[in-house]
């Protein structure tokens, strides 16, 4: 995962100081891309320990179309707690847009089901896109989508995915996002009887919060360890029938966790 460390270093060296919505302040660069060959290991950051339970359960929660944190809480995941209201609701965030995008005529579109069917029936399509950036509902969301849009691409019977992340909390959020969308790519590939190829991460405003700079510098002193591999233990009936127990990150080694405050 030297690719990720290079982004940390780039921001520390080239970033400009900017104000932000949270009032914390950031070092920021605009426009950056990282590519991960999914055939050479699963891209879990190894220079600090990641909570893989949170990564998997959050993705399963998205895939359920859920926007209430009760499922996450039941499974020991707290990463959305800061934004939920007293009832645990977040408004029409990722899961709603992925699975039930509202149309003007009162219907809804299940973007994920549609894109899986498109991959199976027309893998050369240039329209294999899922978007969470619903302009008409942004003001109802507890947090507007940071990872806003992703696109699949099939070549030589292999599936790739590219994510556009308009706002990237590089120390806390991006390692989760890389792992989450890489996992999704593996799952979609399995459902479509394809092999995996690449996950490509493209960031817009890529930033380190000013209270994360020391942690980023600590991480840069650490040597990356070999990447784990991913085992999916069964092929369920659909993309929406996976369970936490279906996934195993084999030989995940990491340096110790590095604590950092979340910017709300």
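Cβ coordinates are placed from backbone N, Cα and C, and glycine is handled just like the others.
Just one of 134, 177 is listed by Swiss-Prot for the same dUMP site as 21, 126, 127, 166, 167, 168, 169, 207, 208, 209, and that one is 177. (6R)-5,10-methylene-5,6,7,8-tetrahydrofolate binding, as stated in Swiss-Prot, involves 51, 169; the candidate among 243, 263 given for that site is 263. Neighbour density for residue 207 (dUMP binding site): within 10 A of its CB lie 29 other CB atoms from the protein chains shown. Taking only the Cα positions, the spacing between residue 263 ((6R)-5,10-methylene-5,6,7,8-tetrahydrofolate binding site) and residue 209 (dUMP binding site) is 8 angstrom. The CA atom of residue 207 (dUMP binding site) is located 21 Å away from the CA atom of residue 51 ((6R)-5,10-methylene-5,6,7,8-tetrahydrofolate binding site).
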